[in-house]
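Working notes, structure below.
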Amino acid sequence: MTCRTRFAPSPTGYLHIGGARTALYCWLEARHRGGEFVLRIEDTDRERSTQGAIDAILEAMEWLGLDYDEGPIYQTDRVARYLEVAEQLVADGKAYYAYETREELDAMREAAMAKQEKPRYNGAARELGLPRKDDPNRVIRFKNPLQGTVVFDDLIKGRIEIANSELDDMVIFRPDGFPTYNFAVVVDDWDMGITEVIRGDDHINNTPRQINLYEGIGAPVPKFGHMPMILDEQGAKLSKRTGAADVMQYKDAGYLPDALLSYLARLGWSHGDQELFSRQELIELFDVKDCNSKASRLDMAKLGWVNQHFLKTEDVAAIVPHLVYQLQKLGLDVAAGPAPEDVVIALRERVQTLKEMAEKAVVWYQPLTEYDEAAVAKHFKAGAEVALGKARELLAALPEWTAEAVGVALHDTAAALEMGMGKVAQPLRVAITGTQVSPDISHTVYLAGRDQALKRIDVAITKVATA
């Protein structure tokens, strides 16, 4: 049987980090087993579902590179199918119409609580065989088995058993003509041939009800794997402030999608002591049965370390589009400066995020207007104009402007003046960047471009002369 998994977000907000991990695990399980991954949008909550949230989810999935074989499939396009299955259950004696008012339902729950019983529907209409009629309170309820136990072997948590006496006859079709969540997902999983349901353990209480529904409609019951939640660094539930952010905020913060996926994979799954995984390694090694049954803690410092590794090792061409995004976010004209590939090569060893890389690269994409006073005082002393002037002379004469050629010219400058390289590099670094901290001097000068480099050296020579 072909493995088929699904990621089924409700479009009531952005895709947060926990949802991204769920999507990743579903995607990896399907890819590892040579199966198929389905994206389903569970949008039957018409009051809370928005097109903006749908767009945000699709954008995040695309950025993460989690491609799907089918979808997006929208539940709101399938309401007629849900009604067809619900009415068949009624015809088969497995479900029934009920018409209690809100006040009557509240009275049932209050009576149960007065007896110190679990508040729930008491099955008043279960055996009445009421016909369908126009009524603002009309619902369809599923006849949950009265005896027995629901037993399933969770792929992550192990065997779980729930007595049917703990469950009531749940509503499967609401008065507004829409299915309930538990019913719609079961019909969807049946129609879409889903074989494995991987989701957060906040859904675990739904599983016994859903298993009874699968069996009630004659559908095969998929395997279930419920992942524990992700906690913040203090062990508390994640909040927006502590990391439960929109996935696209991680993009804005300068994380590479492959780095985020590698980190998320380890938040609940492991393969020995290995900490870093390429996308292909994850596909080859992932098995949902290896997931941890205990909650994981988000560690932003660890994520930074992982991202730094990917910046150092990933193909330059793969990093460039993400750097361009960061440069444009800063309002920079990418065409007005060095090739982004060259910026990646120069800075990839010196930063943790692409945002930091872009901020350090600003000096090469716009005019230099500010100088660090301490750097000027230290390196624009009398005599510095000699090194600057000789460097300008040799740089201007270069037949070809490359980082290597620039490096040779600067070493020739030091040799011609019989001084250490630092005496040439530091004044030149301040001249080009306005600070005394930058990548190696050959890349620093090269990235400015010949015309800008010569102009900035001229300004620096004037500053030294007038100091």
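Placement of Cβ uses the backbone N, Cα and C atoms for every residue, glycine included.
Here is what Swiss-Prot says about this protein:
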type	residues	note
BINDING	K240	ATP binding site
MOTIF	9-19	motif ''HIGH' region'
MOTIF	237-241	motif ''KMSKS' region'
Query raised in the report: Residues sitting near the motif ''KMSKS' region' (237-241): Cβ under 8 Å, six or more positions beyond its termini, same chain?
Result: 16-18, 229-231, 298
Report summary line: Taking DSSP H, G, I as helix and E, B as strand, the motif ''KMSKS' region' (237-241) contains 2 helix, 1 strand, 2 coil
Report task. Give me the mean pLDDT over the motif ''KMSKS' region' (237-241), rounded to a whole number. Result -> 74
Report summary line: Residue counts for the motif ''HIGH' region' (9-19) under DSSP, helix then strand then coil, are 3 helix, 1 strand, 7 coil
